[in-house]
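Record features, source TrEMBL:
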{"type": "REGION", "residues": "B:18-68", "note": "region 'Disordered'"}
{"type": "COMPBIAS", "residues": "B:23-35", "note": "compositional bias 'Low complexity'"}
{"type": "COMPBIAS", "residues": "B:42-57", "note": "compositional bias 'Low complexity'"}
{"type": "BINDING", "residues": "B:H110, B:H347, B:R441, B:S468, B:H546, B:D554, B:H558, B:R605", "note": "substrate binding site"}
{"type": "SITE", "residues": "B:H110", "note": "site 'Important for catalytic activity'"}
{"type": "BINDING", "residues": "B:H150, B:G199, B:P200, B:L201, B:G241, B:N270, B:H347, B:F522", "note": "thiamine diphosphate binding site"}
{"type": "BINDING", "residues": "B:D240, B:N270, B:I272", "note": "Mg(2+) binding site"}
{"type": "SITE", "residues": "B:H347", "note": "site 'Important for catalytic activity'"}
{"type": "DOMAIN", "residues": "B:438-610", "note": "domain 'Transketolase-like pyrimidine-binding'"}
{"type": "ACT_SITE", "residues": "B:E495", "note": "active site, proton donor"}
2 protein chains.
Amino acid sequence: MASTSSLTLSQVVLARSVPRHGSSNPHLPSSLSLPTFSGLKATPTTTATPTAANASSTRRRSTPGRRQAQVLASAAVETLEKTDTELVDKSVNAIRFLAIDAVEKANSGHPGLPMGCAPMAHIIYDEVMKYNPKNPYWFNRDRFVLSAGHGCMLQYALLHLAGYDSVQEEDLKQFRQWGSRTPGHPENFETPGIEVTTGPLGQGIANAVGLALAEAHLAARYNKPDAEIVDHYTYVILGDGCQMEGISNEACSLAGHWGLGKLIAFYDDNHISIDGDTDIAFTENVDARFEALGWHVIWVKNGNTGYDEIRAAIKEAKAVKDKPTMIKVTTTIGYGSPNKANSYAVHGSALGAKEVDATRANLAWPHEPFHVPEEVKKHWSRHIPEGAALEAEWNAKFAEYEKKYPEEAAEFKSIITGELPAGWEKALPTYTPESPGDATRNLSQTNLNALVKVLPGLLGGSADLASSNMTLLKSFGDFQKDSPAERNLRFGVREHGMGAICNGIALHSPGLIPYCATFFVFTDYMRAAIRISALCEAGVIYVMTHDSIGLGEDGPTHQPIEHLASFRAMPNVLMLRPADGNETAGAYKVAVVNRKRPSILALSRQKLPQLPGTSIEGVEKGGYIISDNSSGNKPDFILTATGSELEIAAKAADELRKEGKTVRVVSLVSWELFDEQSAEYKESVFPASVTARVSIEAGTTFGWQKFVGDKGKAIGIDRFGASAPAGKIYKEFGITAEAVVAAAKSIS
Amino acid sequence: MASTSSLTLSQVVLARSVPRHGSSNPHLPSSLSLPTFSGLKATPTTTATPTAANASSTRRRSTPGRRQAQVLASAAVETLEKTDTELVDKSVNAIRFLAIDAVEKANSGHPGLPMGCAPMAHIIYDEVMKYNPKNPYWFNRDRFVLSAGHGCMLQYALLHLAGYDSVQEEDLKQFRQWGSRTPGHPENFETPGIEVTTGPLGQGIANAVGLALAEAHLAARYNKPDAEIVDHYTYVILGDGCQMEGISNEACSLAGHWGLGKLIAFYDDNHISIDGDTDIAFTENVDARFEALGWHVIWVKNGNTGYDEIRAAIKEAKAVKDKPTMIKVTTTIGYGSPNKANSYAVHGSALGAKEVDATRANLAWPHEPFHVPEEVKKHWSRHIPEGAALEAEWNAKFAEYEKKYPEEAAEFKSIITGELPAGWEKALPTYTPESPGDATRNLSQTNLNALVKVLPGLLGGSADLASSNMTLLKSFGDFQKDSPAERNLRFGVREHGMGAICNGIALHSPGLIPYCATFFVFTDYMRAAIRISALCEAGVIYVMTHDSIGLGEDGPTHQPIEHLASFRAMPNVLMLRPADGNETAGAYKVAVVNRKRPSILALSRQKLPQLPGTSIEGVEKGGYIISDNSSGNKPDFILTATGSELEIAAKAADELRKEGKTVRVVSLVSWELFDEQSAEYKESVFPASVTARVSIEAGTTFGWQKFVGDKGKAIGIDRFGASAPAGKIYKEFGITAEAVVAAAKSIS
């Protein structure tokens with residue numbers, strides 16, 4: 001990347017090479033100072049520019065300085081209403097043309113949204129938001145989400161003007177190119193300053209609900225009457241496409257229910273989507289719908305030039321504390337383009353040289369591509385010292401807090417740094433074969449309730465199945481409008497919104513560990529959000545119960561078949577299917593440790609025995625031997641299984657051993673973790689010389705050939721399930737020890 | 001199944017054994033008279049009971065008889081308002097106790113909804129709906145959908161009382177048992193009289209939108225001022241859970257937009273979901289939301305005993321012709337249970353013997369389990385002759401229509417029977433290697449526009465990506481409120497609702513062939529609906545473009561990786577990835593022929609060459625040889641690929657052949673179809689003796705070991721994609737002919 005030479009230290013540390021998903025290449029290595037809390041110390045941070053650091057240290061030490069920062073923070077809207085309109089026009093056009101020019105250079109991208117949203121975006125980033133460009137991870141920053149992620153050049157232009165090191169002129173010129181920090185949609189793991197990963201429509205607004213929830217929750221837990229250390233807003237721009245997606249209705253219904261007053265969403269009401277005028281498919285009354293969802297709704301009729309209207313709307317939104325606000329901003333897509341504005345033609349393609357020229361003429365913009373006029377640069381340049389001052393101010397406030405409330409401060413620190421409390425894993429329960437058998441969903445509940453006592457950032461809930469998924473935290477109440485400090489989240493029957501909200505929570509602070517739950521089959525409803533968890537490196541814990549035909553009578557609509565395979569195929573997901581108590585504890589250990597990739601725990605409805613040989617350490621390897629009566633790494637058979645079928649494999653092994661065979665039983669609780677082990681370890685579990693292998697799993701056989709090989713046999717279910725008592729279905733479908741024994745004999 | 005001996009002929013023909021998903025076991029065999037249109041003939045149908053047939057033939061032949069049937073049909077609500085209230089009470093309680101008793105016997109199920117919804121359900125099935133119990137497939141029946149599918153005992157009780165052969169007393173006693181026709185959720189493929197498959201919440205209401213759309217569309221196309229042959233309603237019961245799901249908002253927004261006046265949804269407003277009072281997660285104003293979506297909204301405050309309120313609401317709903325209606329019916333879940341009503345305890349578990357007794361006492365129901373009092377039986381018994389009369393009346397009307405409008409009648413017949421027009425497949429385009437290269441998404445459009453001229457039931461559209469998915473039917477306009485006869489559907493950005501609406505369209509009439517489109521990666525948004533397509537045997541065609549990293553700059557949020565594997569793992573889905581023009585035509589041939597399973601076509605954004613050796617016939621086999629310079633079925637190498645990578649495999653083969661090797665190239669366009677071929681054919685394509693195999697596909701390698709074997713190599717992408725021009729990503733990710741050649745050499 002051409003801009004490497006101008007990277008600051010923080011960027012060098014943050015810059016990530018392709019391929020990027022793997023535990024060996026974490027996004028925030030421990031050597032990075034920012035997220036490990038040194039930003040809170042009294043000495044200037046190594047990553048701030050000298051100017052910022054000086055400003056910061058100066059202001060932090062003096063009461064007047066602190067007051068000044070407070071003025072900056074609290075009165076931003078009022079102060080900046082005085083900004084010269086002509087200058088704002090220039091800044092807005094600078095944003096427009098950075099987007100136009102970058103899309104034109106890439107000959108790919110979406111200029112329409114940035115051109116239409118530039119006025120509101122200018123006001124949000126230049127006049128309203130609190131942030132520190134030199135520390136994109138400063139805890140108390142306002143969060144911004146571009147839910148209409150295709151318009152990402154808007155946000156890249158803003159980050160560039162605001163002084164973020166991640167988006168320099170060279171980065172803008174590399175828009176949508178291999179290895180750049182300005183990819184085709186906003187990706188938090190590529191570009192510091194981007195909070196979440198958007199593009200798939202509706203995800204961003206739901207992420208924003210999660211961000212706002214996290215703020216409300218942490219504020220309720222940690223703020224004190226004399227020290228408001230958590231106090232920031234979440235801003236979103238969403239478009240018509242986001243509004244049409246069901247996920248946004250789910251998440252916004254919850255935001256209204258929860259009364260997330262510091263969530264302010266700007267709806268870019270431009271009446272154009274890819275297929276043309278939205279009238280062809282979208283004629284509902286969005287304002288009335290949002291009012292029905294419990295939101296405060298404001299309409300800015302002139303989003304193209306009505307700066308004061310936009311400012312007044314934001315002021316009004318902030319004044320409404322008990323409801324989220326949707327500001328409908330009517331804009332013209334591609335504003336300024338004489339021939340393409342207000343048409344789908346400007347949505348997703350470069351304008352073309354001729355139309356770019358015409359737009360330059362129309363908006364009186366004589367500058368070269370990528371040029372930002374000096375007065376605009378100068379105007380925006382204040383954000384670097386101001387941001388440093390804001391952070392310094394907050395650091396000082398936190399230092400006082402820490403003195404007065406050392407316990408809360410320690411807990412809070414662990415949440416905002418992501419450092420797990422020492423010895424947390426000792427809370428995990430362990431079992432012996434003599435421990436009573438239980439469903440892994442119940443064992444999961446034991447783990448959750450044990451972990452919540454040692455992990456201050458653990459919170460979560462179910463999509464209206466808490467009593468089936470067994471996810472209630474018994475020592476806490478419900479997170480509700482009047483009890484935001486509580487840690488049981490009640491998502492209602494809204495799986496997709498739930499997943500995306502958890503992504504937002506996870507990305508709010510490194511130490512927040514959200515979990516969410518439904519029946520495993522209903523991951524189908526939330527798959528798009530789970531994929532984003534995996535891509536954006538959000539370590540959400542998915543507690544997925546009723547993981548097979550073992551759920552019985554509810555029948556094929558409720559019985560997962562292909563789901564294990566479908567997640568094993570998805571990059572950067574840990575798909576875990578524990579077999580008993582020790583393995584469930586192991587699955588939780590893995591899930592908690594993996595903060596950069598989501599874990600999906602597939603858990604049984606039915607009771608299972610505690611098996612000899614299972615262990616937490618085994619789970620951490622993904623696949624391991626639970627029993628073996630062979631020697632020299634040469635058993636007659638290898639039987640392998642996951643979850644509820646490990647018991648069946650163990651029984652089949654007993655049968656075969658009675659007949660004088662040597663049999664190894666392997667638990668393959670997580671294929672991904674096993675893949676990451678050394679070749680030697682893998683050979684010690686699955687020696688190449690042993691080809692008589694049988695697998696059994698109450699799901700599709702798809703993918704199992706990898707472990708059973710050309711000569712082995714995979715027992716599974718390659719059809720939909722059935723409605724009947726679980727035992728009956730297992731028998732009818734041949735998921736039995738007898739079937740394993742027969743398969744083994746057929747290949748011996 | 002114990003009830004087999006009492007099956008009527010139609011049931012015997014319709015009864016289906018497990019396993020049920022496969023082309024060899026179609027749901028409606030051609031030997032069955034009902035759906036093959038003989039029901040329209042003047043002679044009594046073989047499947048009607050003697051009584052019904054007599055009534056039918058009598059009334060069909062006389063004008064007074066016809067008039068009588070018209071009175072029955074049009075004035076149902078008015079006529080039946082006079083029904084004795086005491087009798088209605090008894091009928092309602094009979095429904096409640098059939099549900100209570102069946103759940104109790106199974107010790108599994110959901111009694112709460114049937115107990116609360118019995119009053120509205122009685123009125124819908126006994127007083128309002130037009131249907132013929134002896135022919136569940138009579139075209140012009142009103143459709144009923146229980147979107148809250150867990151309450152299926154409600155519908156089984158209704159079908160039983162109404163005289164459907166599919167649900168006899170013995171079937172009720174077999175509720176939720178292996179092989180029964182009364183599974184744990186309603187499944188259209190198990191139980192004639194059930195229209196769609198529900199249980200996963202929100203799917204049913206969206207299916208219902210599809211059913212209502214189909215009615216509106218066919219009415220607009222085929223009705224004449226003097227012959228309204230299409231005229232029926234779609235009724236739905238949905239609960240709080242359905243209301244919370246985003247899919248229902250998507251589908252209902254479209255229903256409002258389309259003004260589907262004959263869609264009447266009953267919202268069972270009981271304030272209880274699994275987690276308890278809905279107040280913990282669902283406090284939005286549902287009425288106001290539906291008004292915002294363009295629906296007519298009515299509130300029945302006393303859904304427990306207010307029969308006249310319910311009747312009046314239905315009358316009002318029918319009077320509103322230009323909007324769908326939501327009737328919010330406030331009920332008490334588990335009505336009648338003295339200790340469990342109005343609590344989550346009655347939602348999803350049997351009441352228990354003691355509470356069943358208490359409920360019997362409370363509702364003054366002295367009868368044995370499963371007993372239906374004689375007067376209730378007698379009251380409901382009229383539906384058999386009345387239904388036969390309604391059908392006969394319609395048959396006569398259609399006979400007149402056929403005389404006056406023979407062309408329309410022939411087309412209409414093909415839609416309602418599902419018989420494809422002779423020679424339709426001749427419309428499929430073919431290509432030679434000399435034909436210009438093109439993206440398969442464009443070739444798909446050529447197919448769609450060719451097929452729509454010969455397939456009267458083909459209609460569909462995209463989720464706001466028509467111009468990217470290339471799905472516009474050029475000879476038709478948009479289906480809209482004022483143009484319902486048109487065949488381009490505009491779904492907006494609502495993938496999930498789109499899929500479920502298409503399921504409804506497909507299940508409305510066997511000859512309706514809905515297609516729908518988005519980017520392949522966004523199947524994640526609609527996966528739950530696609531799974532229902534597969535399970536409920538709806539032959540929806542999923543046109544999924546931008547099928548790999550080949551889409552380029554949009555980056556990893558838009559680039560499918562695991563999606564091919566995830567659908568190959570799903571039962572009863574045809575996952576097709578054509579490589580060029582001939583294969584795209586082949587994919588459409590397969591998709592059109594397979595009316596009982598959905599087809600997913602993964603299509604390229606990028607231009608591809610027309611390859612030598614590809615063919616429609618090859619596609620029908622799923623996997624086939626496109627080139628081979630070996631003899632004796634012993635090539636040195638087998639290279640296999642799908643879609644856009646088949647070109648790469650062909651290039652690699654050329655390279656290896658230049659070096660003197662014998663190389664076979666296999667297109668594996670559909671793994672499912674290949675799996676269905678004979679062992680001999682499979683051996684002729686992949687001889688066991690040839691182990692030097694290399695696969696290449698621009699997606700996960702997960703599952704490919706099945707074809708490359710222990711000694712082969714699978715080239716693919718086991719990470720997320722990247723934002724850059726497509727060619728660059730292919731090169732960087734090693735999806736190249738060079739990589740194939742190197743892999744082949746490494747294993748030779």
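The first residue you see is number 1, and the count goes up from there.
Glycine residues also receive a Cβ, built from the backbone N, Cα and C atoms like all the rest.
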For the domain 'Transketolase-like pyrimidine-binding' (B:438-610), the averaged pLDDT of the predicted model is 98
Of B:H110, B:G199, B:P200, B:F522, the binding-site residues near chain A (CB under 8 A) are B:G199, B:P200, B:F522
The rounded CA-CA distance in Å from B:G199 (thiamine diphosphate binding site) to B:H110 (substrate binding site) is 12
The answer, for which of the recorded positions B:D240, B:E495, B:D554 has its Cβ ringed by the most other Cβ atoms inside 10 Å, is B:E495
If you measure between the CA atoms of B:P200 (thiamine diphosphate binding site) and B:H347 (substrate binding site) and round to the nearest Å, you get 16
Nearest by Cα to B:D240 (Mg(2+) binding site), of the binding-site residues B:L201, B:F522, B:H558, B:R605, is B:L201
In all the protein chains shown, the tally of other Cβ atoms within 10 Å of the Cβ of B:L201 (thiamine diphosphate binding site) is 30
Quick note, B:R605 (substrate binding site) and the residue listed as 'active site, proton donor': C-alpha atoms separated, nearest Å, by 19
If you tally other C-beta atoms within 10 angstroms for each of the binding-site residues B:N270, B:S468, the top scorer is B:N270
B:H110 (substrate binding site) has its Cβ surrounded, within 10 angstroms, by a count of other Cβ atoms equal to 27
Reading the DSSP string in three states, the entry for the residue listed as 'active site, proton donor' is helix
The recorded positions listed are B:H150, B:I272, B:E495, B:F522; by CA-CA distance, the one closest to B:R441 (substrate binding site) is B:F522
Same-chain shell around Mg(2+) excluding B:D240, B:N270, B:I272, C-beta within 8 angstroms of the CB centroid, reads B:G239, B:D268, B:D269, B:H271, B:S273, B:T278, B:I333
Taking only the CA atoms, the spacing between B:H558 (substrate binding site) and B:L201 (thiamine diphosphate binding site), expressed in whole angstrom, is 27
Whole-Å Cα distance, B:L201 (thiamine diphosphate binding site) to B:S468 (substrate binding site), is 31
If you count the other CB atoms within 10 A of the CB of B:H347 (substrate binding site), including all protein chains displayed, you should get 24
Cα nearest B:H110 (substrate binding site) among recorded positions (B:G241, B:E495, B:F522) -> B:G241
Residues near B:G241 (thiamine diphosphate binding site) by Cβ (under 8 Å) yet at least 6 apart in sequence within the same chain, in sequence order, are B:A148, B:L201, B:G202, B:S273
Quick note, B:I272 (Mg(2+) binding site) and B:H347 (substrate binding site): C-alpha atoms separated, nearest Å, by 8
Sequence-ordered recorded positions within 10 Å (Cα) of B:H347 (substrate binding site), taken from B:H150, B:N270, B:E495, B:F522, are B:H150
